Amino acid sequence: MADSRDSVPSQYGNGGLIETVGPKYAEIVVIRHGETAWNADHRIQGQLDVDLSDIGRQQAFAVADRLSREPKISAVYSSDLKRAFDTAEIIAKSCGVLEVIKDPDLRERHCGALQGVLFREAAKINPDAYKALLSDQDDLEIPGGGESFNQLYDRCTSALQRIAKKHRGDRVVVVSHGAAIEALHKRASPSGNCHGKILNASVNVFHLSDEDEWSIKSWGDVSHLNQTGFLESGFGGDRKSG
């Protein structure tokens, strides 16, 4: 965990003290993409490429405006799936970052045979895949080409570690997906449960140190969405929904 002496208070931002980033760690602001029509329909997206809805774009502009009024963002990274990349481009433009760097390792969990299926119909359409999706057995792959939670965990945490090593002393944004962000939470807090859903366009702040130690500085902040709305259900916001 980053030593508090490495942080220097600089200004007040949205509802709290914003600190500059110390030289021994990277501050990574992880954002879940804006809402899609499939989120609203409770349809399993996985790695299928789905556009932001109108509400999702409003959410993206809201989180972009918030970040533009906080300390400088040095870089913006994103999953290469359109719903994440479009959210990231809106953030980058607002924060004066010229390019969004795509990283396929930040993608959502591949949900195999359940991708594109309404969640309420999944058990009937493919019982085996549905059981695998809901399973707490982390090494169980979802039938139909899907990933296990361990596979998701390994690629997402490796991606964030690579980003952190490039950006010691910087503040960067990463736009990803619900199950992927849950995996990052597990790496930072292995003994703690990820309480509640990971809502669309929520802000989650990680510190990654020189010694590859992870800590969570804030979690699940959607205060910037008061005027735009967000899905209270947070569908897609954990490993069991993709």
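Yeah, the Cβs are placed from backbone N, Cα and C, and that goes for glycine too.
Features as listed in TrEMBL:
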ACT_SITE  H33  active site, tele-phosphohistidine intermediate
ACT_SITE  E108  active site, proton donor/acceptor
BINDING   R32, H33, G34, E35, T36, A37, W38, N39, R83  substrate binding site
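Positions of the features from TrEMBL, shown on the structure.
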{"residue": "R32", "record": "substrate binding site", "CB count, 10 Å": "30"}
{"residue": "H33", "record": "active site, tele-phosphohistidine intermediate", "CB count, 10 Å": "30"}
{"residue": "G34", "record": "substrate binding site", "CB count, 10 Å": "30"}
{"residue": "T36", "record": "substrate binding site", "CB count, 10 Å": "21"}
{"residue": "W38", "record": "substrate binding site", "CB count, 10 Å": "19"}
{"residue": "R83", "record": "substrate binding site", "CB count, 10 Å": "30"}
{"residue": "E108", "record": "active site, proton donor/acceptor", "CB count, 10 Å": "28"}
At the Cα level, what's the spacing in Å between H33 (active site, tele-phosphohistidine intermediate) and R83 (substrate binding site), rounded?
6
Record lists R32, H33, G34, E35, T36, A37, W38, N39, R83 as binding substrate; longest Cα-Cα distance in Å?
15
Give me the Cα-Cα distance between R32 (substrate binding site) and the residue listed as 'active site, proton donor/acceptor', rounded to a whole Å.
10
How long is the line from the C-alpha of R83 (substrate binding site) to the C-alpha of E108 (active site, proton donor/acceptor), rounded to the nearest angstrom?
11
Pairwise Cα distance for G34 (substrate binding site)/E108 (active site, proton donor/acceptor) [Å, integer]:
14
